[in-house]
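According to TrEMBL, the protein carries these features:
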- A:21-439: domain 'DUF112' (DOMAIN)
- A:12-37: transmembrane segment (TRANSMEM)
- A:43-70: transmembrane segment (TRANSMEM)
- A:109-133: transmembrane segment (TRANSMEM)
- A:139-160: transmembrane segment (TRANSMEM)
- A:167-184: transmembrane segment (TRANSMEM)
- A:196-218: transmembrane segment (TRANSMEM)
- A:319-343: transmembrane segment (TRANSMEM)
- A:355-382: transmembrane segment (TRANSMEM)
- A:389-408: transmembrane segment (TRANSMEM)
- A:414-444: transmembrane segment (TRANSMEM)
- A:465-487: transmembrane segment (TRANSMEM)
């Protein structure tokens with residue numbers, strides 16, 4: 001317990017320095033600013049803003065990026081409530097009741113309870129991360145390549161199950177992602193694989209290029225097909241501070257949402273997406289009068305929003321302790337860390353304790369910032385929402401170009417985002433989801449490395465993955481989850497969860 | 001989220017094909033798998049004990065191909081989505097804009113042809129204006145103002161404040177100034193000049209009124 005507090009105080013010492021406080025503030029502000037724009041989700045936001053953190057020291061850069069992430073997430077909720085356009089999957093449920101509240105002139109209360117719920121959830125999640133960080137890191141150090149490989153297989157299976165749409169297509173995307181990660185020079189033999197003899201492919205496909213192409217650029221192309229006219233809520237925003245009655249109604253949902261979100265967020269394979277859906281379903285089931293849901297029930301905003309934020313934060317756990325990014329946003333974080341020369345994994349905590357604990361403490365600081373920034377600035381966000389898409393996307397396009405150019409100063413990188421943009425657009429049109437592809441791509445290199453090591457250690461015995469008990473356990477869990485997802489009755493439930501909009 | 005892919009479950013179509021989207025998706029996967037197998041044809045698979053460079057890519061390609069086969073098979077047995085409308089204007093202009101940026105930001109040579117390095121001062125507005133026309137609702141006046149405002153903003157932000165190594169203007173341009181001027185001074189002056197251009201367009205160019213707000217329909221996809 002003493003450790004817990006000394007670590008946290010070390011972290012707060014780092015996070016509360018004037019510079020880092022400023023960076024957290026800036027990150028949250030810019031993140032919200034971009035995240036509020038309809039059609040720009042957290043992944044695109046982070047990919048776009050990555051270059052502005054290059055000049056900073058690693059601690060500052062990661063604190064700012066984390067701030068951008070929360071900001072973008074919260075900004076997405078604001079858009080969901082005010083315009084009924086969820087910027088990303090996790091705010092889909094917020095839009096259901098949040099927008100109805102806005103139509104009844106209670107937009108302020110909805111935004112307020114979302115911010116307060118997020119803050120409470122964030123505080124709890126920060127404590128969870130601080131408490132679990134050490135033991136999980138210890139566990140990670142016990143993991144050999146065999147266990148790591150199985151853990152990643154399990155993570156990818158979770159990602160398949162949690163992706164919406166066809167399971168088969170999600171599997172194909174993951175395999176394709178891993179396949180893409182093998183492009184480039186083979187580390188063991190030095191032979192070039194699938195490079196078409198092109199020199200800039202020898203180092204493999206750059207992660208940032210792939211991510212910005214299939215998320216940033218492909219999103220623009222897709223959105224251009226689908227622009228439609230929607231009205232920003234015209235009613236007054238109303239009072240921001242929820243009344244006593246609102247608090248009484250929202251308290252329990254916030255608590256439940258926090259716990260649900262925090263637990264699901266830890267799962268490798270994008271569990272954070274499931275949090276808000278699960279929280280909403282639970283609230284609806286527990287409510288005395290379920291028919292109020294979808295018509296502006298405050299519980300329907302408080303629960304999912306808390307779950308959303310708790311999950312967003314606890315999804316840092318697999319990244320910080322095991323070095324495995326559980327979702328696309330965390331994959332971008334890996335990219336950012338590597339640019340700053342930090343290899344994510346259990347050694348981060350022992351080698352860079354100020355970075356590790358500073359980042360955790362800054363999560364809480366960031367949540368506080370969101371509360372302070374967002375409520376007074378609601379008016380500004382509302383005006384931002386009125387920027388038409390025809391002006392927004394050329395700006396996004398230019399930022400993407402500058403961002404990707406500034407990473408390596410290579411014009412070919414810029415052209416590649418156009419190529420991957422087209423690939424991403426085609427995939428979307430064919431009903432494939434790009435997120436599993438990205439996750440497979442990020443985990444691919446790690447998987448190949450660990451797969452090889454495990455086989456070398458076991459002298460080519462494939463059964464090593466089953467002989468090691470921990471590894472076998474992880475694979476069994478993966479198998480059970482996959483089988484459950486394929487069962488017709490569960491499938492139906494899964495579809496219902498994702499069709500709720 | 002189901003509306004993310006419009007087109008909807010199509011009605012029972014004439015003929016044996018029941019999911020055109022599934023068929024094309026499956027064929028795409030098979031093509032990709034074949035391409036990967038063809039590219040790694042000369043590489044050694046090795047054994048499990050000492051894996052060759054091609055072992056993993058080959059097996060992954062086979063996996064991708066199998067998924068494709070199943071998709072093709074299923075497109076004849078179960079109902080699925082129809083093919084979506086593909087637009088040409090959006091993707092083509094977006095790609096053109098990006099390529100324009102890439103070839104003008106710094107000297108780029110392709111074979112015998114090489115482009116002059118013009119820097120952000122040219123590449124930025126070019127990307128915005130070409131890209132802007134990707135939507136039929138594009139208006140030159142607004143795009144000009146946007147280009148003249150965003151470009152100096154990015155110059156100051158990335159070049160001046162963040163010191164990123166991005167070429168800002170052509171070298172020839174910098175030589176026009178007295179040698180005593182620093183790069184940053186030229187940069188700031190250029191930025192101010194651009195902002196002035198935005199103001200000029202704003203004042204001189206006739207405007208059209210349009211009240212409606214369009215926004216991207218982003219049905220909860222990530």
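Each Cβ is built from the backbone N, Cα and C atoms, and glycine gets one as well.
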Quick one: do the transmembrane segment (A:43-70) and the transmembrane segment (A:465-487) have at least 3 Cβ pairs under 8 Å, skipping pairs fewer than 6 apart in sequence? no
Give the one range among A:109-133, A:139-160, A:196-218 whose Cβ atoms make the most pairs under 8 Å with those of the transmembrane segment (A:355-382). A:109-133
Ranking A:109-133, A:139-160, A:389-408, A:414-444 by Cβ pairs under 8 Å to the transmembrane segment (A:167-184), which is first? A:414-444
Count, for each of A:139-160, A:319-343, A:389-408, A:414-444, the Cβ pairs lying under 8 Å from the transmembrane segment (A:109-133), and report the range with the highest count. A:319-343
Taking contact to mean 3 or more CB pairs closer than 8 A (sequence separation of 6 or more), are the transmembrane segment (A:196-218) and the transmembrane segment (A:389-408) in contact? yes
Across the domain 'DUF112' (A:21-439), the model's average pLDDT, rounded to a whole number, is 82
Which residues, given as numbers and ranges, are at least 6 beyond the ends of the transmembrane segment (A:389-408) yet have a Cβ under 8 Å from it? 37-40, 44, 47-51, 54, 206, 208-209, 212, 216-217, 220, 223-224, 227, 339, 414, 417
For the transmembrane segment (A:139-160), could you work out the same-chain residues 6 or more beyond its ends whose Cβ comes under 8 Å from its Cβ atoms? 167, 170-171, 174, 267-271, 318, 321-324, 326-327, 345-346, 435-436, 439-440, 443, 446-447, 449-454, 457-458, 464-465, 468, 470-472, 474-475, 477-479, 481-482, 485
